[in-house]
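Over in Swiss-Prot, the protein carries these features:
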type    : residues                                                  : note
BINDING : THR20, GLU39, GLN47, TYR52, VAL92, PHE126, ASP287, SER328 : FAD binding site
Amino acid sequence: MKVAENQKVYDITIIGGGPTGLFTAFYGGMRQASVKIIESLPQLGGQLSALYPEKYIYDVAGFPKVRAQELVDNLKEQMKKFDPTVCLEEAVDTLEKQADGIFKLVTNKQTHYSKSVIITAGNGAFQPRRLELEGTAKYEKKNLHYFVDDMNKFAGKRVVVFGGGDSAVDWTMMLEPIADKVTIVHRRDKFRAHEHSVESLMNSRAEVSTPYVPVELIGDDKIEQVVLQHVKTEEKIIIDVDDVIVNYGFVSSLGPIKNWGLDIQKNSILVNSKMETNIPGIYAAGDICTYEGKVKLIACGFGEAPTAVNNAKAYFDPNAKLQPMHSSSMF
């Protein structure tokens, strides 16, 4: 099958834009490869950005501690040096190797072509648990949010956060100094979040509504009010809002990856010491892959990324050296 003339064939296409994927993109640029990232979420950073942006990480080399979002921002800044192509809100449905050796990747939006593929999809594609109320779909991408990618857009707004876990509490605390008013709504009296986070929440100016559940959203084009119902007494209250943020957790799965002909062991892609899968030209790194002695840590993913890139480079360019120059001599 011939590639359409308007479709660029990339050297490396990375599936998954979490921390390992971002570092893979940077390293691919260092090897002078054309790189594309395909990410199913609306922003890069994977679970670090989507689930716990304000949490500190302590086991990344060179950082005594680093906020999850700060680490993501640094990785994005590092990656920018080589200006990779980034495709957001695209989930890869099919991945197949054509007769000419080029990989064809079909997403929910378009078709991509690549000489090699590196899968860095973490625990698999994950999607938010949505608010199950009538008419919610019409408010999505307006003022009903499942992700927070820019805190500043909530400045001076009246914001309601639904949820009781770490992410919901984290987002509430991040919004507290920015928003005009922020209210967190949880169906239980006690939060599931870390005790220290809950203590900080209770000592903040954020309003806490427990045990309440949302039962109705009111508004024409956008949500203007939310109706909350007390879990025990069924008493209803109405809150005026500018924005609603939902964090009921996420559901993750390998999804279509299971259908790509890869060797799968316990929901992970089996690779060898070169990060090669059973399909030549397809590699995997980070939490999505497994091998004997595998440890699932961000730090390990950062080590696996260069191995995958260097071997991918040698795959599509047999004249390339497997062992690269040291970065200190390249810039």
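Cβ atoms here come from the backbone N, Cα and C positions, even for glycine.
According to DSSP, GLU39 (FAD binding site) is assigned to coil rather than to any helix or strand.
Its Cβ placed at the centre, GLN47 (FAD binding site) has 19 other Cβ atoms within 10 Å. DSSP assigns GLN47 (FAD binding site) to a helix. When secondary structure is read from DSSP and collapsed to three states, PHE126 (FAD binding site) falls in the strand class. Summarising the environment of THR20 (FAD binding site), the number of other Cβ atoms within 10 Å of its Cβ, over all protein chains shown, is 31. Other Cβ atoms within 10 Å of the Cβ of ASP287 (FAD binding site), summed over all protein chains shown, number 26. Under DSSP, ASP287 (FAD binding site) is assigned to a helix (H, G or I) in the three-state scheme.
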